[in-house]
Structures are given as structure tokens and as C-alpha cells.
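Look at TrEMBL and you will find 146-155, 634-650 tagged as compositional bias 'Basic and acidic residues'. Residues or ranges marked as compositional bias 'Polar residues' in TrEMBL: 710-721. Marked as domain 'FHA' by TrEMBL: 47-105. Under the heading region 'Disordered', TrEMBL lists 134-178, 634-665, 704-736. Here TrEMBL flags 348-383, 447-481 as repeat 'WD'.
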Amino acid sequence: MASEAERSALEDELSVPSSASPPIGWYLESSSVVHQLTSSVAGGRSCIIGRNEACDVKLTEHKTVSRKHAVVYAIGDKVILRDCMTKKTVKVVQCEGSGGGESRLGKGQTLVLKEGMKLTFAASEEEFVVKYPKDAEPIQSNSNKADADSNKADADSNGSDDVTEEVSDKPKIDTTNMTARQIREAEIKAMMDSLDSTQTYTKYVPTEKERLEREQAEKEMEAAEERGKGDSKFSQLNIPISHEVVINSGERVVSSVASDPSGGRFVAGSFDYNFRMYDFGGMDQSHKAFRDVTADDGNPVISLSYSPSGDKFICASSSAQPKIFSRDGKEIVHFVKGDVYITDVTNTKGHTAAVTGCQWHPKDKNVVMTSSLDGSVRLWKLDGKTLFGRLISAEVLRVKNQRGVRCGCSCASFDREGKWIVHGTKEGGVVLFEVTNFRNRPTGICWDAHSGTVTNISFSNDNKMFASRGEDGNVCIFDFEKMKGANGGKVKCEYKIENVETGYEMSNCCFSPDNKLLCVGSNVRPNSEESSFLKFLWAKGAEGGNLAAEVAVSKGVSVVNVAWPNKLNQIICGLSNGEVKVYYDPMVSNKGAMLSSKRKARKVNELDALLFSRSDGVSGDVFTPNALPLFQDKEKKSRKQLEKEGRRAVPEQQESGFLAGRDGSAANFNQDAVDRLGLMDSEKRLQRDPRAALFKYNDVNPTGVVTGLEKQQPTILANTTAEEEQDKRTKRQKTS
């Protein structure tokens, strides 16, 4: 049998409040056995249910029951059942008096037990009924018992209503003919003699920690009571919307959000030219980014996408050259820019206009795709050819409109297998191509899907349908199988949803993990009284295209970009005010924001707070580098030592001659090409001076004048003329 210390540590691990107590008198009854809900260890605060030997109620009839499956404890006059982070949920059948119906407890969730409830643990078929006999003693927690004892002691005192720390019977002593010292000694002796017979009562005063735990337990009970009344509409639809986390990601529009395949990290791109990286496992309640990187200065971030392995991600800005970064935000690959003077996009090595989207191949970690306003969709292979250190595109798809004229490509997307590409045009068309047949005609076409720019195309997780969103305020859902079988013909959408406000060219949509719903965020005018919404639309079935549910996000703030990671089952929204909102539900979500929201933020340094309060709003540390010992030169160092440390005492002297400057600032394109191709060592080239090379052949005349012309040089007879000599004499006479 476990000791009291081991039992207390186990109950702390199962999040049992310190003020809890076992549910005396309650028991679980099945058709074959009856289990009393009591603690088998003295001093235990709860009753543990599971397959472990340390559990009070052992359920060994089914293997899916966890070792520590659930715990039952009493707070006040209520009995609470908590699921202890199990893979299988606890099925609860409500009694008739509480509304009826079925519900399930998720990981770490609680429920207030009532007499008559039916419980089923894990995949076991044995059903237990919660019962409580009428003649049982009332349930009291440890703190309530102490309060009751204290109140009883106060009532037994001399009728006084004052609360005292200690109440005891004062011994009676005859003080006749006794000095003060003798009286005191007699009182002490009488008190020592009465300690064994007189009982002392001390009023219980809860600590701050216990008070907070009690408040938390009360909140859990209220939430459990709400869940006991029946699942809400969002819970029935498996939409994680009950809780939210607000993350500050700057002051500009958050244009793109992307999560890695594992769901542990996500990156948010903004109109302030930066992207910020977040790690759920390393964040606390402050939710600060661990990396803030400028993707391309002067160009807002348009699109982001992680690789299938999650070790890299691609970032597309409004420039023509996307970049690939490592998992930690370090730039790895920079794409080449095409020749703007070549009209045929298939003959250029890169994009010549702004990039509108990017996506990593879902299966191949060495292939990425980009779309651009230059009218092309390009595939890039990371192990492909490069030009001057810039990656060259491997495949090019020309984008055309219904008349066969080149038009800008506003978005593109791989299917879930990476065998097909669907792109949207600036004129509202949606076109399907096979990846292996870029040169052939399209497989399926829908020219009139939208009346304006197509802002996004998103595939479902089962790869059976995809959705497109346009600036005309419409969302179209297509049957992917029908479009693949069109053989170059026109295809119409299955469902068309109207009046979805769209004001940003990067507004998107995404499917739920179970592919039943399509999530879109509405756009509103900035600083208006209108509220933006997250709308959940039925994606298939008889109700396909209809609104299933919607949630108000914020007034005057648009929902620009939405991501719904499958493993997390949480919704990440990028807003127009620079915030990122993460919605989750502990009942159906997994990790993610649930990890960071439980960690308390670090305490503020009191000294920093005091300095900030006296600094008229000026915050941050102030450094004077030259005053710090690290930056002081105690002894004179050589140039090589200074360069090794990353500092220079004086600017480097420029070389004389045609190729001036070691930094290459004065070099032209041909010289730069020679350096990149390695045809000549740059150090040797910069050290050569053409004038010095010619002078070494003239040892007699170092001035550089040809020796054959020296005889023809004029003879100098006088350094001044006669007039200049007369002027000098006149000036001397005046001064004398």
C-alpha cells in the first residue's frame, strides 16, 4: 500500500485540489460488482479509478482502461469526476432529472456527478450507475470540516460573538496572600497540568494558494455544469471555438499564417515586411515570437508554406524573388529574377513581376511552386540549377484567359497528392493542369467561377473537392473528380456561396479536419462598426453551401487569413489590426495553444518597473558601447585582429587603378561575373594595377614618359618672363 506522501504526490499529479476530500457514501454499481468511492490510503483526498494497483477502484475487465483513468473527489457538497489525460474518453449518460442525453469527457475535463448518471470507461461495455444512499453523512471537504469545528468551538464559548485565535478554559487559582510572581508560576503549572485534558481549537485560515485553488475548482464546477446540460452547437459540429488566445504580431495587416506539419510551430507574415515565428511548446501566456525576421525590406509578405518535413518554409513577398528559410528563420535559398525584356515567360529563368502565392509540394520536400502576375506558374527544384547563386525555375506553366491571351495568375495550389495544380486568374477563371503535362491543354476549366480576381484555392483533406474564393464575394466548391474527368471541357461548381465580404487579395478559406465544413473569414471596412465573422459552411451533402454556424471576431477588424491544422484541431486567424487569434476547445483540440496558455508569464523585474515609472514612458535598456569593458581597447591591436573581431579602426584604403575598391562597389557586371564563375582569383585581380604593370618595363624613367621622346623635350631658359621680374622689383621697392 502506498504511503501518505506517495498518495499526495499522485493526487497532485492528477490535479486534485488540496481542499478536496473523498466522496463519502457514493458508489458505482454495475450488473456484476459494486465499487465504493473511497480512498484506500489514510489521508487521501480522492478516489482513483483505473487498472493500476495503486488505484482505489480497479477496472481490469478491458485493456483500453488506462492505468490512472479517472479520479473522483468532493468539493463542498458536489462530487466531481475528472478524466486523467487518457486517449479514450469517458462516456456519460445523463439521468432524467438533468436533461438526458449523452456526452463525453475529453482529456483533463471534469463533470459534476449526479445520482442516476451512467458511466462507461474507455471502450469497455460495462456500464456503472452513480448512486448515493439517503442515510449517508453529508459530504464535507477538509476545509469545511475545519470551519465547522471552529464554529462549534465558538458556539461553546461564553456566548461571545468575537472570533478568537484560541479558546480554552482558564484554570482557577486562589491568589490570596500570593505575590505576582507566585501567581504567575501557579498559572503556568496549572496550564501545563491541563494540557492533556483541555482541548484547544484554532480557527482555520486558508492560504492564498488554497483560496486560488478553491476559486479554480468552483470555475471548473460551473463549466462542468454547463457541459452537463448538453453540448453546444459548436461542440456538436466539432468546431474548436470555446477558448481563444490573442497574439500580438505587429501593427500592420497579418497577410498569411502557416503551421508546420507537426503543429508545434507556426509563422505569421505581415505587411510590415516581416514574418514572426512562434513555438507553442516554448511560449508562455505572454505569447511572444521567438524570431522576428525581415523577409524582403520594402515588400509585404504575401504567402507562406512549410515543407512536408517541417525543416524549411518558403516566403513569398510582393517582389519577384521568393526566399526559402530554415526552421529557425535563416535564409537558405534566394530565387532568381527573370529578364523583364523577354515577353515569353517560358524563356525567362524566373518571375518578372510580383509573386502572388507559393506552396510546398505535399510529398516532395525538394519541389516548391510559385504564381505571379507575369502570367506564369513555376516549379522550382531546390537541387536544380543556379545562376550567380540564385535558383532557376525548372518548369513553367503559361496562364491564359478564355481568349487565349496571357493574364496574371492570382493564386495556385497543389492537390493533396501533388499530381495536379489548380490556378486562379485575375479575370476569375479556375483551371486544372496535370503536373507532368504542363505543355498540354488544361484538363478542366471554369472560366466564370468568379467575376473578379480569384484570391485563394484550397483542397480538402480527403482530396475529393476544392474551394475557390474571389474578390466578388463568392466562394465556389468544386468536385475534384468531375474536373479531372472533364478532358479539357468546361466544369461548373457544385455549390456557390454568395455575400462573403472580401477586401484583401490574400483572403483565403480552409476545410475542417473532417472535411464536413469550410471555414472563411469575412472582411470589413477598417474602424467601422461592422463586425467580422468566422463563417462555417457545409461543404457537402444535402445542406452543402448553407451556413452551419458563425462566430463574431471583432468590430472594424477583418479576418484576412485562416489556417486549420489537422493535428491541433485549432483555428489560427490573421487579422487586419496586426493580431493573430488562435481558437481552441479543450474537449476536441490537442496541444498547441493549450500548452502556452497554461504557462504563467515571467514576473516583471521590479527594478525595471520602477525605472520605467520614472522615465516618462521611455523603456528599454540604454547602452554606451565605448564605456563597456568589452568594447574598450586596452592595448593596440593589429588590423588582422580587428577584422577578426568584426571591427575596423579606419576604413580600408582603396586600390589605385581601374579596379578600385575591395568591396566590389566599383566593379562592373563583367568583373562580378568573373568573380562568381571563379575564372580569376578576386584577390589577385584586385592587387593588379595596369599602370604599375607598364612602369615595371621602364627602369630608367619611372615617370612613365617614353625614352625616345626625351631628346625632343624643350629646353627651359628661364622660369619667369621679363614683365614678371619687373613686377617683383616694383613690389620690393614699395615695401622697403
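Glycine is no exception: its Cβ is also placed from the backbone N, Cα and C atoms.
Mapped onto DSSP classes, the repeat 'WD' (447-481) shows 2 helix, 17 strand, 16 coil. Listed by sequence, the residues of this chain that lie at least six past the ends of the repeat 'WD' (348-383) yet keep a Cβ under 8 A from its Cβ atoms are 302-309, 311-322, 324, 333, 335-340, 342, 390-400, 406-418, 421, 423, 426, 435, 505.
Confidence for the domain 'FHA' (47-105), expressed as mean pLDDT, is 70.
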